[in-house]
Amino acid sequence: MRRKGKMNSLQGCCPDRENSIHLCNPHLEKMKEDILYHFALGTGTHDFPALFGDVKFVCVGGSPSRMKAFIAYIAEELGLGSSGGDYPNICAGTDRYAMYKVGPVLSVSHGMGIPSISIMLHELIKLLYHAKCSNITIIRIGTSGGIGLEPGSVVITRQSVDATFKPQFEQVVLGKTIIRSTNLDEELAKELLQCSKEINQFNTVIGNTMCTLDFYEGQGRLDGAICLYNEEEKLQYLKEAYDSGVRNIEMESSVFAAMCNLSGVRAAVVCVTLLNRLEGDQISSSHDILVEYQQRPQKLVGYFIKKSLGKV
């Protein structure tokens, strides 16, 4: 019987958060070429420093269309593009992910759930390393279910916790379970909260984010194809989550935090809540309202980028 490992998130790695990306993989140095298969990019076919060397901010989110909308928004905000301008998909050679760039900002889709964002992050981190990028900030922008918050509230994640409210990510490697830290950059979270106060357009809080393995049973929903618990048990669980500091639920933050920690990257998660899970399970707001909600993380992160570049 295999024993669970208790390896922490930085074992074997010594990331320097002040400078370049740190790769926790000595085998990459022996490779003549690194093919980023899911991006349709490679060091033998693309000049990574020329293409991406000036990147300072990376924003990732689930939907390709949302990330294309974000790059158009930030281009206009930074004065680097015109309204209605076209931004080509750098990963056009694949349908797995989409990637867009304008100035120092890279916008990348990651799909839905831990496996999808994990694959994307492995290749994104290598891309930034090969491009010799430094002083990078990576922010996940997305949607979530809120707990005890009005719909439309924005949550900046303090810690990502698992479904038992522990701030950790379990990764099985070679049959052994490795525990990795899911803390996020505290100062960055405070900077983002201050930006929201300056915008003063929507409620924003710092809180823990529960990262689950699925959308239905893992999040205590009553409306999935399978549900073997009752409403009272569901509400008890969500109230326990709230009491532990959880303010929203999504499906990517734990591995995002763990991998950014290992790579020495300053990172944050900024998600809007589409509903209050203490009041229901289904998202019933109108299309127009949901579109406006989904723009809130973009507005906050866009303002943060402008402020960081001295353009506010």
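Cβ coordinates are placed from backbone N, Cα and C, and glycine is handled just like the others.
The domain 'Nucleoside phosphorylase' annotation in TrEMBL covers 56-305.
Residues or ranges marked as phosphate binding site in TrEMBL: Arg96, Arg140, Ile141, Gly142, Thr143. All protein chains shown were included, and the count of other CB atoms within 10 Å of the CB of Gly142 (phosphate binding site) stands at 23.
The substrate binding site feature in TrEMBL is assigned to Gln219, Arg221. If you draw a 10 Å sphere around the CB of Gln219 (substrate binding site), it holds 23 other CB atoms from the protein chains shown.
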If you pair up every Cα among Arg96, Arg140, Ile141, Gly142, Thr143, the residues annotated as binding phosphate, what's the maximum separation in angstrom, rounded to an integer?
20
List only the single closest residue to Arg221 (substrate binding site), chosen from the binding-site residues Arg96, Arg140, Ile141, Gly142, Thr143 by CA-CA distance.
Thr143
Long-range same-chain neighbours of Ile141 (phosphate binding site), Cβ under 8 Å, sequence gap at least 6?
Cys59, Val60, Gly61, Phe70, Val270, Cys271, Pro297, Gln298, Val301
